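Trainee: My questions all concern the structure below.
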């Protein structure tokens with residue numbers, strides 16, 4: 001007789017106890033926790049309004065799923081919501097240890113697979129090798145192209161970004177502990193500061209992660225204090241998300257270039273960072289180091305995972321010259337879970353260690 005313990009089930013709980021059901025995935029090592037059920041309705045006429053509503057009224061959901069004991073300080077999540085855009089198959093709000101992002105490329109790559117496999121888009125016709133999924137992110141509509149076989153996702157996913165552009169180059173910033181440091185700022189659905197790790201006395205491939213995090217965080221705080229971020233479309237998008245340290249190999253080569261992204265509250269991306277690759281391609285194109293449709297490979301110094309990226313066409317974002325960037329990578333499922341929240345648990349809303 002099969003043991004009752006062999007079949008996973010929820011522990012005894014009161015009928016009114018909140019239950020949060022999720023699917024967990026990762027893209028290049030960076031986790032994505034997708035909420036299937038248990039999140040209250042997120043109100044608002046637009047996706048950005050829904051993002052504000054969730055921050056103000058439902059932030060306990062983020063903390064419960066991202067923080068310990070159910071998550072960890074580097075957990076990443078997605079809440080699926082209806083979109084006001086007629087062409088969108090789904091809308092998404094991105095969750096992290098500090099709050100809510102405007103864009104997440106690794107999540108889009110994972111959500112492309114998820115949307116196809118879980119029936120959020122119409123089943124592709126027989127023989128279709130790639131399905132299209134329109135995902136409304138807070139930064140705008142992003143199209144994912146999902147490799148498929150017999151109607152199921154199979155292999156890598158690629159996406160086309162919102163217009164990506166450069167906000168500033170060769171910006172001198174006074175970084176405590178490092179003196180004057182030259183940084184570039186570019187947008188790939190979120191704004192990043194880019195710095196060659198060597199300028200901070202670090203080797204991107206061999207330095208301790210803690211040292212890279214400390215240096216990148218110092219740059220982020222310095223840029224926030226000394227430079228105003230602006231976005232032509234919305235103030236909701238006008239914030240510095242983090243700093244990406246690179247190996248400085250921005251000139252075109254077929255060899256991978258290595259970087260690490262530190263974002264939000266010192267959160268470390270395990271992947272090469274999809275929106276960061278988008279912004280870095282825009283920066284390289286802006287500097288004349290890259291031509292349209294020249295493919296580059298980007299390697300995570302954290303896990304060694306690789307994304308590819310290329311600028312596919314020119315565009316505009318307000319008065320900024322921009323490019324649409326294609327980013328490719330592969331996401332994998334890791335499991336499902338159902339979490340309960342007991343009223344008498346003093347740590348029910350989560351905690352973080354630093």
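Keep in mind that glycine also has a Cβ here, set from the backbone N, Cα and C atoms.
The structure displayed is predicted, hence computed values, not measured ones.
Feature list, courtesy of Swiss-Prot:
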{"type": "ACT_SITE", "residues": "104", "note": "active site, proton acceptor"}
{"type": "BINDING", "residues": "105, 106, 269, 274, 275", "note": "substrate binding site"}
Trainee: Hey, what's the widest CA-to-CA gap across 105, 106, 269, 274, 275, the substrate contacts in the record, in Å?
Mentor: 11
Trainee: Can you give me the same-chain residues 6 or more apart in sequence from residue 275 (substrate binding site) with a CB-CB distance under 8 Å?
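Mentor: The answer is 103, 104, 105, 161, 188, 189, 190, 192, 241.
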Trainee: Hey, what's the Cβ neighbour count for residue 105 (substrate binding site) at 10 Å?
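Mentor: Other Cβ atoms within 10 Å of residue 105 (substrate binding site): 32.
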Trainee: Other residues with Cβ within 8 Å of the Cβ centroid of 105, 106, 269, 274, 275 at the substrate site?
Mentor: 27, 30, 103, 104, 107, 108, 109, 261, 271, 272, 273, 276, 277, 278, 307, 327
Trainee: Helix, strand or coil at residue 269 (substrate binding site), per DSSP?
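Mentor: Note: residue 269 (substrate binding site) is coil by DSSP, not helix or strand.
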Trainee: Work out the three-state DSSP category of residue 275 (substrate binding site).
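Mentor: For residue 275 (substrate binding site) - judged by DSSP and reduced to three states - the answer is helix.
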